[in-house]
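Asks: Dumping the structure here so I can ask a few things about it.
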Amino acid sequence: MSSTVSQPTDDIHPEGAQLQSEQRLSAPRPPAGGRTISLAALIKDAAIAALIAGVLGFFFLAIRTDIAPGGLEVTTRWSLWFASIAVVFAGRLAISLFFRGGKAEEAAGAALSRIIVPGLGTWLGRLLFAFAVILPFFFMYFFPARDRQFIDIAILIMTYIMLGWGLNIVVGLAGLLDLGYVAFYAVGAYSFALLSTHFEYIGFWIALPLAGLLAALWGVILGFPVLRLRGDYLAIVTLAFGEIVRVVLLNWYDFTGGPDGVSRIPKPTLFGLEFSRGEGSFSDFFGLEYDTTQRFVFLYYIIFVLAILTNLITMRLRKMPIGRAWEALREDEIACRSLGINTVTTKLTAFATGAMFGGFAGSFFATRQGFISPESFTFLESAIILAIVVLGGLGSQIGIVIASVVMIGGIELLRNLDFLQAVFGDGFDPTQYRMLIFGLAMVLIMVWKPRGLVSSREPSAVYKQKKSISADMVAQGEGH
Amino acid sequence: MEYLFQQLINGLTLGSIYGLIAIGYTMVYGIIGMINFAHGDVFMVGSFIALAVFLILTTVLGFTFLPLVLLIVLIMSMLFTSAWGWTVERLAYRPLRGSFRLAPLITAIGMSIVLQNFVQITQGARVKPLAPQISGGITLIPGNAEAGTIAVQLSYMQMIIIGVTFTLMVGFSLLIAKTPLGRAQRSCEQDQKMASLLGVNVDRTISLTFVMGAALASVAGIMFLLLYGVVDFYIGFLAGVKAFTAAVLGGIGSLPGAMLGGLLIGLIETLWSGYFTVEYKDVAAFSILAIVLIFMPSGLLGKPEVEKV
């Protein structure tokens, strides 16, 4: 273990060797010992799985330590433990029975996913865009009772889409693994919050570009020390940077308010029209009935425009020399340098651009919530944003949209699982299973589709004819 | 001077715990080149198992002889935590072997979320306190009230922690250097394809690496439990990040580097808390990491990567 990790030979030709090894992995394997796997073997397999579940669960399901007067006490829950073992046994058996001989179907599925329908991404994108434009009115028309709640969820999902697109510039395009993206989100949020509470005349629209600029500046500050670092060294320093920002926000009480956070952050206005009751408000000006939903619709359109702006700028940059340089940097840093690309400015602009969009999203977050505290900017947020980018398929803009809707929409759906309480009894609190299910979903989606949900992409440089390429062809996120 | 001496002892104790966790990170990184984000949570799981075994032995079975109890706790916790480490690898990392680099990182983060929430749901979210079990110690330098010096003390708990860590380190270095398993690990680290051609069972070796990492993390978990006397489901995150920082500081992939990094992070933290502010100790540790990496991009003991073109 004394040497650092040696470069495996695959890295010499990332695309070719990686593609080969992945094909080898997905190739249909010859069935071990013929097609007929006996039921006895399956039962044995399931029994082993159940045994492992029993061992793992013993100290967590069967035994529970509780705080009692005079120290801790041990309580036992044998029924829960046995139930979990039985569930694992039955589940494992069902899976192996169900998927036995499913190799052919699997291969067919793999072949199906390799067929790339030209223009599908574009059409799907247009369709989603059209839906996003009319979304608030769609909800107001079809779900008039719960429209505010749905629009609020849409705002949240849109925020994550924007964050995902911002991080995608750093991770997906430039190939720099950033585990501290939430720091820029925090910088943006605190910039707006502190500016607006200290100076009365600064509203959302003045603070927004300032917050973006400050976040970009912090992106460059983070970028400088990590210029020479590669791969995982980069990952830990960005993670550390995110933690440093959070710890400083938490402890610099005089400036940031520490754990109390900043409250009474002003709401955005439409050319000076406030979304409130009374004189000079939006509803007064247009002669409408005042409704709190109006503010939600307005917020939705702000984040929608910001997100679309992020997307357009990213797509535009990809066609420009700087975007080409980012993608070249991701594929091979040495080749980049030998071709005369200045890797220092390339990396710094990637960090700054990504950070700027994070800052925009952060100041939107601050104005939406009206209150921010360091608790909103933990590592978990960075992890969720990174997961969205990777699960969506690195570098794929539409994939990030799908991943955000699935993951964030999924989390929000899990908040409304009250009906389960009727099934499992009153002591059952469904909301606490939210993050557990979220984590499991992350693992399962990744194991199911290691290249992300959308693994085909439009090439950025075209010679004669445009052809979609599979994501297998690019060595993404290699981080050097 | 006495104060410095005392802080050094405290720092070494904390650093030993970080070092033991860091070994798990560095071994996994060395062999499959991935950051095992769930490792900090495996440490937390080890701590909880130790607490449960300890309580069963003392309150249910009525054991009173402390050394025997601790020995059983150590063995049981290592065994059960190893099972957790093995399962995490089997479920979340093995299906993605040979896939692109970020995929196992995401499953690792997912596994970390799963472990934290599993423990939170099954064991409750409240902090669980355990009364100090090993008290007393020896006084190295007696304090002098007139001269204004304080006593420098080395508690038995600190002696045990430093002793156990040192023993495990020696044992581990021997295991890697001398045994067939260690040879298999070193060969997999260099070239997995070649190793499997030469008859090394790569999957088994990787599994065993995770098992050993988990066992060491559980030892760290026991010592954390006994030293601080509190556990909750969230201790894994910060300890994991610090240990990972330690592994990177020492040069990721290098065993002595992990130990050295762990001791350094422990020392930085306690000295910073002793002389400056407790609140910013994490900032100090992370800043030193960034500064070291600027000048030595491969860490303190890591070899610079030679890139073949």
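A Cβ is built for glycine as well, from the same backbone N, Cα and C atoms used for every other residue.
Those TrEMBL annotations? Automatic predictions, nothing curated.
Feature table excerpt (TrEMBL):
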- B:12-35: transmembrane segment (TRANSMEM)
- B:42-63: transmembrane segment (TRANSMEM)
- B:69-88: transmembrane segment (TRANSMEM)
- B:100-119: transmembrane segment (TRANSMEM)
- B:156-177: transmembrane segment (TRANSMEM)
- B:284-302: transmembrane segment (TRANSMEM)
Asks: How about the transmembrane segment (B:42-63) and the transmembrane segment (B:100-119): at least 3 CB pairs under 8 Å, pairs 6 or more apart in sequence, or not?
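Replies: They do touch: at least three Cβ pairs between the two stretches lie under 8 Å.
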Asks: Among the recorded stretches B:12-35, B:100-119, B:156-177, B:284-302, which has the greatest number of Cβ pairs closer than 8 Å to the transmembrane segment (B:69-88)?
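Replies: It is B:100-119 that shares the most Cβ pairs under 8 Å with the transmembrane segment (B:69-88).
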Asks: Top stretch among B:100-119, B:156-177, B:284-302 for CB pairs under 8 A with the transmembrane segment (B:12-35)?
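Replies: Stretch with maximum Cβ contacts: B:156-177.
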